[in-house]
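Here's the structure, in structure tokens; my notes come after.
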Amino acid sequence: MTATLERRQSVSLWERFCGWITSTENRLYIGWFGCLMFPTLLTATSCYIIAFIAAPPVDIDGIREPVAGSLLYGNNIITGAVIPSSNAIGIHFYPIWEAASVDEWLYNGGPYQLIVLHFLLGVASYMGREWELSYRLGMRPWIFVAFSAPVAAASAVFLVYPIGQGSFSDGMPLGISGTFNFMLVFQAEHNILMHPFHMAGVAGVFGGSLFSAMHGSLVTSSLIRETTENESTNYGYKFGQEEETYNIVAAHGYFGRLIFQYASFNNSRALHFFLALWPVVGIWLTAMGVSTMAFNLNGFNFNQSVVDSQGRVINTWADIINRADLGMEVMHERNAHNFPLDLASGEVLPVALTAPAVNG
């Protein structure tokens, strides 16, 4: 008998670390994107909680009139927010070490940039982590493609829009009422309701909700009963079972007769792809719309587009919306300027027709 001795292969610490990071056997998959995702999201979350509770007022408009957003300064859950960085900072990168002191950094709204930039890095890494885990499990990549829609939307309102407007003070505040304020001001300045891409986004979100409700109710109504009348139908399903849990033929026949034949899918895979595609494309288009309006390519303007034979304006809903927009714009940053830009930017009126003679 011959005995063969082989030298044991030594595995370096780095190789063991790589194996642990990319292992799909972990209860929570980490992945290389996770190495960036976990610290950035933890940083953003920690700073957000602290700032929402205790951040001092921020000079958002850059006119030495601080706005309080935290709970300890008199706000509640509805009115509280992390106030965007000061207009005095503009679009400049403003980390802690760029300020003369922590007090100055807080006064100028530094936490907003810290939270937003770490959050965007974190959600982008989460999207990459979805692709990475799908790749390691041999799955198709559609999960990360679908998640790219909310990532694009967040990037549009937190990064692209401030860049286009020239200041992080124009970004969306991190709070409930601040979000509503952002929406009203956005409508006032860009007429987003009349932008085709926003219309597509509304169709995507509401259409996706409708299709989801229709699909869920159809499936629930056509479940194959595996239990008695005294038990919940949910007990008739076993996780991982191979047979269908609902009768797609019955659901197809019902919906085809309710609407018309070709309104109903007869292919389960095509149906679920459509359910994913519709809202994702809608949110993609909305993010594109916000990103173009960031550079003032605004919604359609049909103001005073209907006149009578005498040239007098016949008001339409477009004119009523325009009047509402002007009212909202007047209320926005009311101490930073006297008039909205639409009212202040008229034709230049000459004050002096000739230059005065100066006798020296």
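Every residue, even glycine, has its Cβ placed from backbone N, Cα and C.
Taken from Swiss-Prot, the feature transmembrane segment applies to 29-46 (among others), supported by sequence analysis. For the transmembrane segment (29-46), same-chain residues at least 6 beyond its ends with a Cβ under 8 Å from one of its own Cβ atoms are 20-23, 114-116, 118-119, 121-123, 125-126, 128-129, 131-133, 136.
Less than 8 angstroms from the CB of His118 (chlorophyll a ChlzD1 binding site) sit Thr40, Leu41, Thr43, Ala44, Cys47, each of them six or more residues away in the same chain. The chlorophyll a ChlzD1 binding site annotation in Swiss-Prot covers His118 and is backed by sequence analysis.
What Swiss-Prot records for 118-133 (among others) is transmembrane segment.
Of all Cβ atoms in the protein chains displayed, 19 besides its own lie within 10 Å of the Cβ of Tyr126 (pheophytin a binding site). Under the three-state DSSP scheme, Tyr126 (pheophytin a binding site) falls in the helix class. Here Swiss-Prot flags Tyr126 as pheophytin a binding site, drawing on sequence analysis.
Tertiary neighbourhood of the transmembrane segment (142-156): same-chain residues 119-120, 123-124, 126-128, 130-131, 134, 273, 276, 279-280, 283-284, 286-288, 290-291, 294, selected by CB-CB distance under 8 Å and a gap of 6+ residues from either end. Annotated transmembrane segment per Swiss-Prot: 142-156 (among others), in sequence order, evidence recorded as sequence analysis.
Here Swiss-Prot flags Tyr161 as site 'Tyrosine radical intermediate'. The Cβ of Tyr161 (site 'Tyrosine radical intermediate') has Asp170, Gly171, Met172, Val290, Ser291, Met293, Ala294 as same-chain neighbours under 8 Å, each 6 or more residues away in sequence.
According to Swiss-Prot, the feature [CaMn4O5] cluster binding site maps to Asp170, Glu189, His332, Glu333, Asp342, Ala344, an assignment based on sequence analysis.
Counted within 10 Å of its Cβ, the other Cβ atoms near His190 (site 'Stabilizes free radical intermediate') come to 23, all protein chains included. For the recorded site, His190 (site 'Stabilizes free radical intermediate'), the DSSP three-state label reads helix. Swiss-Prot lists His190 with the feature site 'Stabilizes free radical intermediate'.
Remote same-chain partners of the transmembrane segment (197-218), defined as residues 6 or more beyond its termini with a Cβ less than 8 Å from a stretch Cβ, comprise 251, 254-255, 271, 274-275, 278-283, 285-286, 288-289, 292, 299. Sequence annotations record features per position, and here Swiss-Prot assigns transmembrane segment to 197-218 (among others).
Look at Swiss-Prot and you will find His198 tagged as chlorophyll a PD1 binding site, backed by sequence analysis. Listed in sequence order, Ile192, Thr286, Gly289, Gly299 are the same-chain residues at least 6 apart in sequence whose CB falls under 8 Å from the CB of His198 (chlorophyll a PD1 binding site).
For His215 (Fe cation binding site), applying a Cβ distance below 8 Å and a minimum sequence separation of six or more within one chain yields Leu271, Leu275. Taken from Swiss-Prot, the feature Fe cation binding site applies to His215, His272.
Residues or ranges marked as quinone binding site in Swiss-Prot: His215, Ser264, Phe265. Under DSSP, Ser264 (quinone binding site) is assigned to coil, being neither helix nor strand in the three-state scheme. Counting only same-chain residues at least 6 apart in sequence, those with a Cβ under 8 Å from the Cβ of Ser264 (quinone binding site) are Ala251, His252, Gly253, Phe255, Gly256.
Per Swiss-Prot, transmembrane segment is recorded for 274-288 (among others). Sequence-distant contacts of the transmembrane segment (274-288), counting only residues of its own chain at least 6 positions beyond either end whose CB sits under 8 Å from a CB of the stretch, comprise 142, 145-146, 148-150, 152-153, 155-156, 197-198, 200-205, 207-208, 211-212, 215, 265.
Comparing C-alpha positions, Glu333 ([CaMn4O5] cluster binding site) sits nearest to His190 among the recorded positions Tyr126, His190, Phe265, His272.
Listed in chain order, the extra residues whose Cβ falls within 8 Å of the Cβ center of the quinone site residues His215, Ser264, Phe265 are Met214, Leu218, Ala251, His252, Phe255, Ala263, Leu271.
Neighbour counts of Cβ atoms within 10 Å were taken for the binding-site residues Asp170, Glu189, Glu333; the minimum is at Glu333. Distance noted between the C-alpha atoms of Glu189 ([CaMn4O5] cluster binding site) and His272 (Fe cation binding site) is 38 Å.
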